[in-house]
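See structure below.
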Amino acid sequence: MQYDHILVRYGELTLKSGNRNTFINQLKSNIKYALIPLTGYKVNANRDRMYVEITEDADAEEIMKRISKVFGVHSVSPVVKVEKNIDQIKSSAVKLARDIDAPGVTFKVDAKRSDKGFPYDTFALQQELGGEILSNIEHLTVDVKNPDYKLLVEIRSDAAYLYSRVIKGAGGLPVGTGGKTLLMLSGGIDSPVAGIEVMKRGVTIEAIHFHSPPFTSEEAKQKVIDLTRIMAETTGEIKLHLVPFTDIQKMIHKKVPENLTMTSTRRMMLKIADRFARQIDAKALVNGENLGQVASQTLGSMYAINAVTNLPILRPLLTLDKDEIIIKAKEIGTFDTSIQPFEDCCTIFTPKNPKTNPRLDKVESFEAGTDFDAMIEEAVANIETLTISKHTNTKKEFEDLL
C-alpha cells in the first residue's frame, strides 16, 4: 500500500490549552530538525494533529522512525488520505486490508467521525467497510474483541484518513518549552540518561564537563563530545562547556584529607556549575546521581555537597536501579560510548575509603584555608564552549579545539 501522509498525534500537548500553539509550533520545529537531511515531505500542523505529506519516493519508514523519537509525539501512523466519498473510502480500505491478508488472520474496522455531517454514523461505516473487505478478500475474518489487526478510519472535516499501524512515540513535551537547565555531564552511563530524561519534560539543556589534563586523556574529552552529539540527535543543538579543573583538583588533594577529597571535589564542581548556570540563565542544575550508588551519593554526602548552591538540582535517576539506567542508556544510544575505558576527573583520584557521611563543618574548615574562590573564578573564565548538533563532525570539532 502506498501511503501519502504520516499522522502525528500529540502527547501531553492536549492538556496545555493556554499555550497549545506555542507547544505545537515548537514540536513542528523539532520534527523538521529531526528529519534533516531527508527529503520528500511537508509538515502541516493544526490544533489536534500533525500531518506529514510524503511523496512516492520518500523514505516513509525512516521518517516515522525519526518522528517517533521526538519528545512531544504520542504516536505516529502511516495513513492514506482520501475524499469523504464512501466509494473511495471502501476502495482504500480494501487496499489496506490486502497488506494483512493471510490464512487465519482476523481484523476489525474501528471508525471515528469528528465530521458529524458525514452521511454514515460510526457503526454504519464500520459495517460498510467490514462487508466490503470480506467481499473482496478471501482469507480475512472478523474478530471484534481480539483482532490481529485493526483497520482505523477517521472522518475529519477535510478528508477521510485510513491506517492500520500505530507506532508509539517518545511522549513527554517538546524540547524548548520548559526553560533551560545545566547538565553536569561526565563520561559515564548515568548523566547522559539524566539529560535525556529532563529533555523529555520539555527542558532545554546545556552541558558542563570537568576535565583535568594530563590526568584525564584527550580521548575522555572526545567521548563527552560524542555523548553530547548523541543527545542532540532529536533535540537540536546542545552547547557543551569544558571546564579546566586540574589546578583545583590538585589543590584539593594537597589541602583536604584523602577521605574527604571526593566530597570537596564535588563541592567545587557544584560551585563552578552554580556560577556558570547563573551566567547562562539556567534555572536548575541536572546530574545523574543515584541515591546510595556510590559514596558521594549517600544522603549525608548530598547534604554536604549541596550546601554550596541554592539552585534546584534535578536528579531524574535518583531512585532507579543501575540495571534500569543501563536499559535506558542502551535505548537512547549512549551506552556503548559511555563504557569506553577513558577515565574522567571523578574517577582518577578516587580515595580508598571515602567518607559516606561527611560532616559539613569539617569539610568547610579544611577548604577555608585555601582561596578556592579565586581558582573557581579562573576556571569559569577559561571555560571553552562547543556547539554540538547531530550534524557535527565531532572528530573535527575535537581537532579544532586542540
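Using N, Cα and C of the backbone, Cβ positions are placed for all residues, glycine too.
According to Swiss-Prot, the protein carries these features:
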type	residues	note
BINDING	Met184, Leu185, His209, Phe210, Arg266, Gly288, Gln297	ATP binding site
DOMAIN	61-166	domain 'THUMP'
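Mapped onto this structure are the features recorded in Swiss-Prot.
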{"residue": "Met184", "record": "ATP binding site", "DSSP (3 states)": "strand"}
{"residue": "His209", "record": "ATP binding site", "DSSP (3 states)": "strand"}
{"residue": "Arg266", "record": "ATP binding site", "DSSP (3 states)": "helix"}
{"residue": "Gly288", "record": "ATP binding site", "DSSP (3 states)": "coil"}
{"residue": "Gln297", "record": "ATP binding site", "DSSP (3 states)": "helix"}
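Ranking the binding-site residues Met184, Leu185 by how many Cβ atoms sit within 10 Å of each one's Cβ puts Leu185 at the top.
The Cβ of Arg266 has fewer other Cβ atoms within 10 Å than any other of the binding-site residues His209, Arg266. The domain 'THUMP' (61-166): residue composition by secondary structure is 36 helix, 31 strand, 39 coil, according to DSSP. Maximum C-alpha to C-alpha distance over the listed ATP-binding residues Met184, Leu185, His209, Phe210, Arg266, Gly288, Gln297 is 18 Å. On the 0 to 100 pLDDT scale, the domain 'THUMP' (61-166) averages 94 in the predicted structure.
Within 10 Å of the C-beta of Gly288 (ATP binding site) we count 25 further C-beta atoms, all protein chains included.
Annotation for Gln297 (ATP binding site): spatial neighbours Glu289, Asn290, Leu291, criterion Cβ-Cβ under 8 Å with sequence separation of six or more.
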